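> Quick one: structure below, then a few questions.
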Amino acid sequence: MSAVAYELLSTTAVISTVFQFLSGAMICRKYIQKKSTGDSSGVPFICGFLSCSFWLRYGVLTEEQSIVLVNIIGSTLFLIYTLIYYVFTVNKRAFVRQFAFVLAVLIAVVVVYTNRLADQRDEMIRITGIFCCIVTVCFFAAPLATLLHVIRAKNSESLPLPLIATSFLVSLQWLIYGILISDSFIQIPNFLGCLLSMLQLSLFVVYPPRSYSGQGYKLVEQAVPF
């Protein structure tokens, strides 16, 4: 692949991912309008912040500027979403505990553990990459309960088709990017992201929506951080 095509792929992947991250802004806008988070969970925001923070660390270690850029933006956005959720949730104490746990994990792994391997750069990259994959794969598990509901109901109207299609394209872009730079830690989670998106898209064929609403997912839960 030519340098121009490579730059085009990395640039479009970053732009697509940022637009995907911005889906959380629509959720937060509703919180602000209603002055309440209702019964929605703040966990996706916290997980998004954790995932982007890990990938930011990984990008810095591997000196991949595209990874660094997209995750600086992602971690900033998810931190803002987290703060907005905190302002409007009634269960602040539980939410603070969840966020404190995530910060503890982030500090323990990124700051303490990996810095002990400062003289073993390859091992530090490997360990950070493993944590990135684990967090991202766990984030992929968020929509699975809805998929089971769709299968039981034999109706895909609760799935947001445009967002799923976008997720597939974003995962595919990063998968190709990971293949080009021979990075299995980028390839693996995005390969799984492609599979999950294709599974969801196939449900529209197997179980056609009786009346499409596309509101079954909270948008941010589908915006898998990378």
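Even glycines carry a Cβ here, placed using N, Cα and C.
According to Swiss-Prot, the protein has these features:
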type	residues	note
TRANSMEM	8-28	transmembrane segment
DOMAIN	8-92	domain 'MtN3/slv 1'
TRANSMEM	42-62	transmembrane segment
TRANSMEM	67-87	transmembrane segment
TRANSMEM	94-114	transmembrane segment
TRANSMEM	127-147	transmembrane segment
DOMAIN	129-210	domain 'MtN3/slv 2'
TRANSMEM	161-181	transmembrane segment
TRANSMEM	185-205	transmembrane segment
> Which residues of the same chain, at least 6 past either end of the transmembrane segment (185-205), have a Cβ under 8 Å from a Cβ in it?
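Tertiary neighbours of the transmembrane segment (185-205) are 58, 67, 129-130, 132-133, 136-137, 140, 143, 147, 150-151, 156, 159, 161, 164-165, 167-168, 170-172, 174-175, 177-179, 224, 226.
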> Which sequence-distant residues neighbour the transmembrane segment (42-62)? Criterion: at least 6 residues beyond either end, Cβ under 8 Å.
21, 24, 68, 70-72, 74-75, 77-79, 81-82, 85-86, 89, 95, 98-99, 102, 105-106, 109-110, 114, 121, 124-125, 128-129, 131-132, 135-136, 138-139, 142, 183, 185, 218, 220-221, 223, 225-226
> To what whole number does the mean pLDDT across the domain 'MtN3/slv 1' (8-92) round?
89
> DSSP on the domain 'MtN3/slv 2' (129-210): how many residues come out helix, how many strand, how many coil?
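Counts, helix then strand then coil: 65 helix, 0 strand, 17 coil.
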> Quick check on the domain 'MtN3/slv 1' (8-92): DSSP residue counts for helix, strand, coil, in that order please.
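Here the numbers are 71 helix, 0 strand, 14 coil.
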